[in-house]
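Student: First the structure, which I've put down as structure tokens, then a few questions once you've had a look.
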Amino acid sequence: MANVAKKVSWSGRDDDEDGRAGETTPLLNGTGPGAAGSGRQLTPSPFLRIGQLSNVDLNEDIHELETEVPRQRPNEIPHNEKLLSLKYESLDYDNSENQLFLEEERRINHAAFRTVEIKRWVICAMIGILTGLVACFIDIVVENLAGLKYRVVKDNIDKFTAKGGLSFSLLLWATLNASVVMVGSLIVAFIEPVAAGSGIPQIKCYLNGVKIPHVVRLKTLVIKVCGVILSVVGGLAVGKEGPMIHSGSVIAAGISQGRSTSLKRDFKIFEYFRRDTEKRDFVSAGAAAGVSAAFGAPVGGVLFSLEEGASFWNQFLTWRIFFASMISTFTLNSVLSVYHGNAWDLSSPGLINFGRFDSEKMGYTIQEIPIFIFMGVVGGILGALFNALNYWLTMFRIRYIHRPCLQVVEAMLVAAVTATVGFVMIYCSRDCQPIQGSSVAYPLQLFCADGEYNSMATAFFNTPEKSVVNLFHDPPGSYNPMTLGMFTLMYFFLACWTYGLTVSAGVFIPSLLIGAAWGRLFGISLSYLTKGSIWADPGKYALMGAAAQLGGIVRMTLSLTVIMMEATGNVTYGFPIMLVLMTAKIVGDYFVEGLYDMHIQLQSVPFLHWEAPVTSHSLTAREVMSTPVTCLRRIERVGTVVDILSDTSSNHNGFPVVESNPDTTQVAGLRGLILRSQLIVLLKHKVFVERANLNLVQRRLKLKDFRDAYPRFPPIQSIHVSQDERECMIDLSEFMNPSPYTVPQEASLPRVFKLFRALGLRHLVVVDNRNEVVGMVTRKDLARYRLGKEGLEELSLAQT
């Protein structure tokens, strides 16, 4: 049996939630086609196990591992991407319609439902306002700190250009960058590792129905905001737009619950929304508000949530998300307009504004369509190359750079190298342009004549957002083709190396900047070839190159088209942008998958795509289900429940409830389903009676008791049950979901997948023709099967 070592993951924790340290864990092989054989046997244990044991018995392996494995952290962590992690749980998107839930719903009258609906709109407005304010804070702080840094370095370079000793200027720039990035990396690596990167893959997983540890906590938001400010100020090849999506999601998750578990404060509001169903809908609104604040694109935000995020959608949700997006961009616009001193202008709809493209001067003709398609092909190939390089780099990081101190050192190294590369390229460049009429924020003269500035410095000696706008709008002749070519080459590798560092950073802006540079170069080349024809404007091709490069890396089509249209304020380019993005996605997908999907796969997350693999009709529920299933009787002994919940080898979260006579081995049909979290709340409140007094009414619980414990239910180890209490009985009738979704064991995998995915289920019970439980389908059972290069693949399961 193969073994795989524990790898570093998004949660960034080396130990399990229970605190059990373990460097290596065995793989669990999935259920094979012949797993559920002819007869089912009841195992002689105090609780019911239904179905046949299909996974390999791990007792011997685990015993061997305990003696063999050293406790210290290994230098190399072996990693196999064809794994699925067992540590990720699903969200309970499907409401448990037990007696308590139905009684509460029946008590709520029409006026109370109206109040709940109004609260939903209020929460969406608050999400928009707070996301906009966070975006303003990031923008203003970055502008001031980056401005201060560039002014200090510029004065230093100007001073030493005259009298020699520019190596000191290089040292100053590299040291400033490395020290700022060091702080940003330290807080991420040691305080909240899940705040690393853009956060978009994690939010995609959350909206897909996977519970990623720590992903929507207040601490994550604080570290994310501070981290992204320090990353951008530290001069890394990153943007601050991607992390806004994660920030918006955390804000939404916090506000919708009306309390903060991190601060241990409960404001006693919005208690009705304390469940996964509502919380996840609000998180999709937060993600949209984040896109809207980043790009000034409310419609793009809604489409982003629809395309990349939410697995489940309805019309009312669309309207509320659009409302949150509009409020977000309006808040940002208002505050930044006041900050810039033109209060009534409202000219800053997003963190990045690509500026207005003049339709009359920069229209496009029919003969340019093939040129745009060709640019899409180039973008797709370059995007696939970027993703492939980043894939190998991430594998290397998982294996070797897994200690937090090493991650911080790597981030500092990248910051110093970025500054050094920028300095050397500015130093070697002889591309001088007149200052008059240019809008350069920090013009570096260096070895240029008086009244001129170094053109390479506009690309490197600036925040990436400003560089993108310069490439779009600087007049023809502002850049030497050699300058653009060298910049594209260097920035491509720097951005690739930077994505995946232990810092908060997005890939949107670096992708746009790389694409804008080679797009402008392409436009200049066309201008040479067509003898300066009017339609070969380099700014237009810079926009198309930016779209092609970003589409080639992240593979978004619908939302990205609308975001680019809204950010440029021009509908004219809608068709060419769509064409470029579609071509880039088709070409890129031929070689390798998108960057976000790739990182989700590398973290072994059980992510469910829109459809089941196309060649999976031959598989049935009997072949994919997990067995044996641990079942509970409707009236069960407390000791049995405690033993089941304490059993670390199974660690199940859902238990079918069956009607069974304790005196016989005869098993009756399925009666309902109860969750681990519900059982823990029942044990915590001691909702049970002595065996002799079964006619007594056990203590009544309300839904409020379950909501108060949500989302951090206490572990079973923290609940004390005395020996006498273990002999008591617990009646699950009132708390179980009496109508769980079931499928017959002959149902095909695509049918099971469609039901599971469309309804957002966590558990799907498999029954035979007598309604007896034979297995259980969970997210991991379905995500195990995927289409590989050689057909249908079955991934192994690992406790990583």
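Any Cβ shown, glycine's included, is placed from N, Cα and C.
When I checked TrEMBL for this same protein, it listed these features:
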- 1-41: region 'Disordered' (REGION)
- 121-142: transmembrane segment (TRANSMEM)
- 170-191: transmembrane segment (TRANSMEM)
- 221-239: transmembrane segment (TRANSMEM)
- 282-305: transmembrane segment (TRANSMEM)
- 317-339: transmembrane segment (TRANSMEM)
- 369-393: transmembrane segment (TRANSMEM)
- 482-501: transmembrane segment (TRANSMEM)
- 507-529: transmembrane segment (TRANSMEM)
- 541-565: transmembrane segment (TRANSMEM)
- 571-592: transmembrane segment (TRANSMEM)
- 736-794: domain 'CBS' (DOMAIN)
Student: DSSP-wise, what's the residue breakdown of the domain 'CBS' (736-794) into helix, strand and coil?
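Tutor: Counting residues per DSSP class in the domain 'CBS' (736-794), I get 16 helix, 24 strand, 19 coil.
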Student: Who are the long-range neighbours of the transmembrane segment (170-191) in its own chain, taking Cβ under 8 Å and residues 6 or more past its ends?
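Tutor: For the transmembrane segment (170-191), the nonlocal Cβ contacts are 12, 149, 152-153, 156, 219, 223, 226-227, 229-231, 233-236, 404-405, 407-408, 411-416, 418-420, 422-423, 501-504.
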Student: With the transmembrane segment (482-501) as the reference, which stretch in 121-142, 221-239, 571-592 has the largest tally of C-beta pairs below 8 Å?
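Tutor: It is 221-239 that shares the most Cβ pairs under 8 Å with the transmembrane segment (482-501).
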Student: Take a look at 121-142, 221-239, 369-393 and tell me which one has the most Cβ pairs under 8 Å to the transmembrane segment (541-565).
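Tutor: That would be 369-393.
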Student: For the transmembrane segment (317-339), which stretch among 121-142, 221-239, 369-393, 507-529 has the most Cβ pairs under 8 A?
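Tutor: The listed stretch sharing the most Cβ pairs with the transmembrane segment (317-339) is 121-142.
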Student: Looking only at the recorded stretches 121-142, 369-393, 571-592, which one has the largest tally of CB-CB distances under 8 Å to the transmembrane segment (507-529)?
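Tutor: Per the Cβ count, the answer is 369-393.
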Student: Could you tell me what the rest of the chain brings near the transmembrane segment (221-239), counting residues at least six beyond its ends with Cβ under 8 Å?
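Tutor: For the transmembrane segment (221-239), the far contacts come to 134, 137-138, 141-142, 145-146, 149, 173, 176-178, 180-181, 183-184, 187-188, 191-192, 195-196, 199, 246-247, 250-251, 254, 352, 414-415, 418-419, 422, 463-465, 491, 494-495, 498-499, 501, 503-510, 512-513.
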Student: Against the transmembrane segment (121-142), which of these stretches has the most C-beta pairs under 8 Å: 282-305, 369-393, 571-592?
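Tutor: Between the stretches 282-305, 369-393, 571-592, 282-305 has the largest tally.
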